[in-house]
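**Student:** So TrEMBL has the following annotated:
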type	residues	note
DOMAIN	9-293	domain 'WDHD1 first WD40'
REGION	318-339	region 'Disordered'
REPEAT	130-171	repeat 'WD'
REPEAT	224-265	repeat 'WD'
Amino acid sequence: MPADRKPMRFAHSEGHTDVCYDEKGDFLLTCGSDGDVRIYKDFDDSDPESVRAGDNVTVLVVKNKKIVTASDNSVQAFTFPEGSPDGILTRFTAPVNHICFNQSGTVLAAGASDFNIKVVAVADGSQKVLKGHEAPVLSVTMDPKDQYIASSSCDGTVKIWKLEDQTCVTTLSILPKVNDARISKTLCRLAWQPGNGKYVAVPVDKIVKLYEQDTWRNVFNLDNDGHSELVSIVSWSPCGNYIASASINGEMFIWKVSSQMVIERINHEGGQTICGLVWNPKGNKEIAYTDNQVKTSNGPVTANDSMDDSLMVSAMDGDSDDEQLIVGKKKQETSPMLG
């Protein structure tokens, strides 16, 4: 979707980036392989707060006034919005590839290239270790009722773990196998449906597979007139009625789950791999995404979608020469497909 462009501004240097919102949806945060976390008060913030978080920050989340980042082999916390160091939550013997909070922010899960998943109680630092993957862990997600964790791995599987006793209740052999997360073609960012947690969505090949909680059956797929390349990330809307999916060639689709149809398509103008994709927790009005191109500096792109009345798209893109961000917005007419 075309976007009117605003003046450029500074972003991260080239390399992998990630993006998230604070839990109120008022701040946008980014991190990058330059080791910095940036805190934007809004999309027009030309002077974001910058926090040094390590040599290479691969992922970040925010909850309960804490910023939690994965940098190399450690998961560490910072105060939010000040950005002051607030301790190390856990360490691994290999790089951390993904982290996630439970809904209340009391428990954090992290998966790493040492094949392990650690579940950490934020209050006292107590930990549980989930062992069973035979290759690096790519992604983790917790169901909204704190019963299960789903994980994806380079060993070609998605595993469902029961939090109460740390047992693996099922293994789905649905992914390609590789021996190193750095050469995996996708991030395989799977996601649990908010609210009742009925479904867990998994990006597999060029489609999104939906698995039903408890039976763990593949009940349906999102594939009708879908992606032309591998899907790397899926993200549920806060209401649980929509899924945003992103592919390695820069395609971003918004699906209405009840109809299993694409209702909006957003294409990265450079066809670059999307490495971060999140909805604003305020509602179905905004998504942000980051690209991942070694020769291009990275920045977030947002798409605003009220679903029931109008669609707004704003874009931020990177420029490899001067590490700038482009910010743009465009208001669209009501679409009869949205709702």
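Quick reminder: no glycine exception, Cβ is built from N, Cα and C everywhere.
No curator has checked TrEMBL annotations; they are predicted automatically.
Values in this document were obtained by computation on a predicted structure and should not be read as measured data.
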**Student:** How do the residues of the repeat 'WD' (130-171) split into helix, strand and coil according to DSSP?
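**Tutor:** Result for the repeat 'WD' (130-171), in helix, strand, coil order: 0 helix, 24 strand, 18 coil.
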**Student:** As a quick check of your reading of DSSP, tell me how many residues in the repeat 'WD' (224-265) are helical, how many are strand and how many are coil.
**Tutor:** 0 helix, 23 strand, 19 coil
